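There's a structure below that I have some questions on.
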Amino acid sequence: MAACGYISAANFNYLVGARNISKFASSDATISFSFGGSDSMGLTLRPAPIRAPKRNHFSPLRVVCVDYPRPELENTVNFVEAAYLSSTFRASPRPLKPLNIVIAGAGLAGLSTAKYLADAGHKPILLEARDVLGGKVAAWKDKDGDWYETGLHIFFGAYPYVQNLFGELGINDRLQWKEHSMIFAMPNKPGEFSRFDFPEVLPSPLNGIWAILRNNEMLTWPEKVKFAIGLLPAMLGGQPYVEAQDGLSVQEWMKKQGVPERVADEVFIAMSKALNFINPDELSMQCILIALNRFLQEKHGSKMAFLDGNPPERLCMPIVDYIQSLGGEVHLNSRIQKIELNDDGTVKSFLLNNGKVMEGDAYVFATPVDILKLLLPDNWKGIPYFQRLDKLVGVPVINVHIWFDRKLKNTYDHLLFSRSPLLSVYADMSVTCKEYYSPNQSMLELVFAPAEEWISRSDDDIIQATMTELAKLFPDEISADQSKAKILKYHVVKTPRSVYKTVPNCEPCRPIQRSPIEGFYLAGDYTKQKYLASMEGAVLSGKLCAQAIVQDSELLATRGQKRMAKASVV
């Protein structure tokens, strides 16, 4: 949810802007955090100690965030299912000779694929086009030591594959769990918020029902009743019903089910923008129902956690360290220029833009779908499996970071739904995140969506529009002209193509991880998996991709032997 950014295996222009408006002005340059030189290509990652960022403009780091205990997730059906799938990789027969699998893209999908292939005894060779890990969870450090990210990343209790991954890496303590609530701004009451509080003493779905019934500020009782009646088929029909709604937009489904339009105004607009960065007139209802289904089925499903620091170091580097400890490789600055084919149409190699040729026993594309389509060989474009990808297009999104000269009071140690026409969700990261903590200054991180009309606008325009919206959320503390709280600095990160746009009738176009091209596989949240275009979906897609490769390992090994024999004859 609310994850943005992308990894690039082609010459896309990645737009990252930073404007100077005070003596704390930041650099536009991307800053490396733990890179080691490589004789073979690009940069090879090496382990690096985690250092707190230098902060000259206020007192040393001192954490006072009040977090909540990690919820009991291990006994949920989905967590057990995810743990079992992990165990199959560790228990799989050790190969006589590990397969070399070349993977394009070091976002969560590529990292997940590589991690579980390494668990199965194979050798992943991970190639990332940029000089930073993470893809849609990438982040950069400015010259002041402050981090700015591609998105505001939230980890839900209903993310069993992500939660398993944290446990397997031994980093559960890096998630800062917040109060089990959802907090919405009240547009008609500037500066005020409305809460949905989930009681710990009740099981699901009663805790969610109680939270909705107890909130009398956003929906009236008649609206709640009609909303509940509209959701009954989803509760009773389960996953088959949810999948059958793929062809309807949120608004079309509401009309069909007799749900009042105010439910969209009060709830679904905020959910749609948080889940997929678009409004409910465009979003497939399946997307909303998948989220609601998970939240209602699992007691802690809607409970949220923040990562305790920047994602490249706090999440991605532990995965890289794990992969390397099992013999895998991770290379940065290794952009794919071309997928070279054999005479039979299978992959011969990946040609990098630095001239290097990468060969393997199998190949994975774990980039965004837009990058895959750009590099798709002409010989493959007539295959229905690849033709269906045309419907899948990344959605634009903008992530905004603003450092203020004071500590804002009208905020919470939590994710907040702005219910603004321009903004989606936001958080005061100086409160919610340990690494970004500041006792004297707030740093608001905000998702600017929908962004289609703004992606080409200047950073100054985006900041001015953001400040106008913030003046409504903080009427006593922020004004658009900065006559109240003043901006010390800001960063604007634009992503022209983020997660795929989940419009109606996309589901049949999502590809399974095993392609019809022998030895070629896909990973990414756009591929077929039961979760949303999200961090959870990316991790699960990588796991399913690794599973397909392990299942095909004997075939792939035989292909490799034939290739070697042919090469020796020549």
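Cβ coordinates come from backbone N, Cα and C, glycine included.
So Swiss-Prot lists the following for this protein:
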- 1-98: transit peptide (TRANSIT)
- 105-121, 128-129, LYS136, 153-154, TYR159, ILE336, ASP525, MET535: FAD binding site (BINDING)
- ARG294, ALA533: substrate binding site (BINDING)
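Could you give the neighbours, burial and distances for every feature on this list?
According to DSSP, GLY105 (FAD binding site) sits in a coil region rather than a helix or strand.
ARG294 (substrate binding site) falls within a helical segment according to DSSP.
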Have a look around ARG294 (substrate binding site) and count the other CB atoms within 10 A of its CB, chains all included.
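A 10 Å sphere around the Cβ of ARG294 (substrate binding site) contains 22 other Cβ atoms.
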Any same-chain residues 6+ apart from GLY121 (FAD binding site) with CB under 8 Å of its CB? Would you list them in sequence order, or say none?
SER92, ARG94, PRO95, PRO98
Determine, to the nearest whole angstrom, how far the Cα atom of GLY105 (FAD binding site) is from the Cα atom of ALA533 (substrate binding site).
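On Cα coordinates alone, these residues lie 16 Å apart.
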